[in-house]
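A short worksheet on the structure shown next.
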Amino acid sequence: VPAFALRTASICRRTPHLRQWLAKRSQHSITAEAGANTAPATVPNAATNRILGRWLLGCSGLVVGAVVLGGVTRLTESGLSMVDWHLVREMKPPQTRAEWEAEFAKYRQFPEFKIMNHDMTLPEFKFIFYMEWGHRMWGRLVGLAYVLPTIYFWKKGYFNRSMKGRALGLCGFVFFQGLLGWYMVKSGLEEKPESYDVPRVSQYRLSAHLGSALLLYCASLWTGLTLMVEPHKLANTKRLNQLRRFAKGTVGLVFLTALSGAFVAGLDAGLVYNSFPLMGDRWIPDDLLAFSPTLKNFFENPTTVQFDHRVLAISSLTAITGLYMFSRRMMLPRRAKIAISCLTAMAYAQVALGISTLLLYVPTPLAATHQSGSVALLSLAIWVLAELRKVAK
């Protein structure tokens, strides 16, 4: 071996071209080996972004299901049927008659049974129990749909630094949402000797629970759309920037209108003044500011809460109509025009559903459709924002 090495060195001194070739080959080998040791197994790219986008859109669909199921649970007055909260143990509903009797006995100790349902039978209790149990199990499904794929995608290297923060935020928000749901239910189980009203959950906690669900939905939908839908390369003109600001304000108004609906549901405010456009025989009812202090009316007076919801709904419809008319005078991509047209059509359908629900004294199927329509309207508004967003530099 030493003799071979000496002979090779002698040849290299006589042939500089061979010496250069051997040096380059050695350098490339070292670089390739270092790269193989340091390169990640997978890096985010267009394909992984599409996978993440589909995942988040699927999660947002599950959140919509939870919102709709929660609304039906509220409309059927089933939300207070489960008086305990256990993360795992309550996943199995009662099986035997003795277990059902024990669960029913616990329910009979709380105000809703004593005041409203004192003549309820066991089969009737089973119905409201299964409604609330289904809602809670759906919530657990939502949690698993966020957490398990997050762990998998993190290990596979699908997340960049920004997506890691977003994924952790979404997972944390799911856990917060579950705790907030139980905090809301507890408010309806408390004894209130000074109150003669029917037992119901706090409208403040109900609004917080719905609002956090809508925020989770919006964040998931927006992130999913931005990962899947390529942004349009639009010139940043003054009119386009005005349209973007207009669209953002409209989304905020739609969100606020949906949130005000939670106060309507929490106070059963849809059962007062079942006429439109007048409230009774007046545009502004006499008891609009009956509570003192004045600020209390906006959150606890059913008349004021319904009035506010009407005003916000008409304001949202007006803003969306204005957005549509403003966009018609601009050169926009076809997909953006379709999104704005769908938003406008849904806004008019949602107002028609709301008026019908009011005039017919809040029938459960129609009221549930109206609540679902608010989520559909919010979804279309976010789609419009995604189509109008700026291209990242």
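Keep in mind that glycine also has a Cβ here, set from the backbone N, Cα and C atoms.
All annotation found in TrEMBL is predicted automatically rather than curated by experts.
Positions annotated as transmembrane segment by TrEMBL: 55-75 (among others).
Sequence-distant contacts of the transmembrane segment (137-155), counting only residues of its own chain at least 6 positions beyond either end whose CB sits under 8 Å from a CB of the stretch, comprise 51-52, 55, 58-59, 62-63, 65-66, 69, 87, 91, 164, 167-168, 170-171, 174-175, 177-178, 181. Summarising the annotation, TrEMBL assigns transmembrane segment to 137-155 (among others).
What TrEMBL lists as transmembrane segment is 167-185 (among others).
Under the heading transmembrane segment, TrEMBL lists 205-229 (among others).
Below 8 angstroms of C-beta separation, residues 71, 74-75, 200-204, 206-207, 209-211, 214, 218, 279-280, 285, 299-300, 302-303, 305-306, 308-309, 312-313, 315-316, 319-320, 323, 357-358, 361-362, 367, 371, 374-375, 377-378, 381-382, 384-385 of the same chain, each at least six residues beyond the ends of the transmembrane segment (250-273), sit close to that stretch. Taken from TrEMBL, the feature transmembrane segment covers 250-273 (among others).
Residues or ranges marked as transmembrane segment by TrEMBL: 309-326 (among others). Under 8 Å from some Cβ of the transmembrane segment (309-326) lie the Cβ atoms of residues 242-243, 246-247, 249-250, 253-254, 256-257, 260-261, 263-264, 269, 276, 340-341, 343-344, 347-348, 350-351, 354, 377, 381, 384, all in the same chain and six or more residues away from its ends.
The transmembrane segment annotation in TrEMBL covers 338-362 (among others).
The transmembrane segment annotation in TrEMBL covers 368-386 (among others).
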